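Quick notes on the structure that follows.
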Amino acid sequence: MDNFTQMMSNLSNITDDLTTDPTLDLFTTVAPTPKRGKFIMPITFRVADEIYPYSTYVLFGFGGLGNVLSFIILSRKSQSSSNSSVYLRAMAIADFLTLWAYFMVTYTKYYATHMQTDLYCQIVTWSQSAFQQMSSYLVIMISLERFAAVTFPLSVGRIFTRKVAII
């Protein structure tokens, strides 16, 4: 028997003896998997799994508040005249909707498991991807507009009109 096979045999024997009781080992715990029996899961994964729902709510709370305030400030008459404010307001909306989609995943996973249907999962997954990409495209548009404003200061108003920014 080679060393690798012996090591795997010993590991199998060790994992069979462990349970999910965290007092047996400070660094690992055993979690069942559907096809392979048991595997060793670092305790950091368990801690992260415990903290994740709360951190998602905190991020949604502060991030949502920041995006709403940004949208309100950029909607004032003094701020809303520039094309950049149109992009930034759209980005605030996209970021808020991205946070909402992640919030819904966490809420459904931990608290409302009865809502988990195939259609719901498809909608939430699509929402996460679509809103993230929309935010990325808005960053690119802002960058292009700022680049044009620096490179072609006299013609940027003709290239990036308000109508183009809204579309």
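Glycine is treated like the rest: Cβ placed from N, Cα and C.
According to TrEMBL, the protein has these features:
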- 51-74: transmembrane segment (TRANSMEM)
- 66-167: domain 'G-protein coupled receptors family 1 profile' (DOMAIN)
- 86-105: transmembrane segment (TRANSMEM)
- 137-160: transmembrane segment (TRANSMEM)
Hey, which bits of the same chain come close to the transmembrane segment (86-105), Cβ under 8 Å, at least six residues off its ends? 56-57, 59-60, 63-64, 67-68, 70-71, 74-75, 80, 124, 127-128, 131-132, 134-135, 138-139, 141-142, 145, 162, 165-166
Counts of helix, strand and coil residues, the domain 'G-protein coupled receptors family 1 profile' (66-167), according to DSSP: 83 helix, 0 strand, 19 coil
State the mean pLDDT for the domain 'G-protein coupled receptors family 1 profile' (66-167). 85
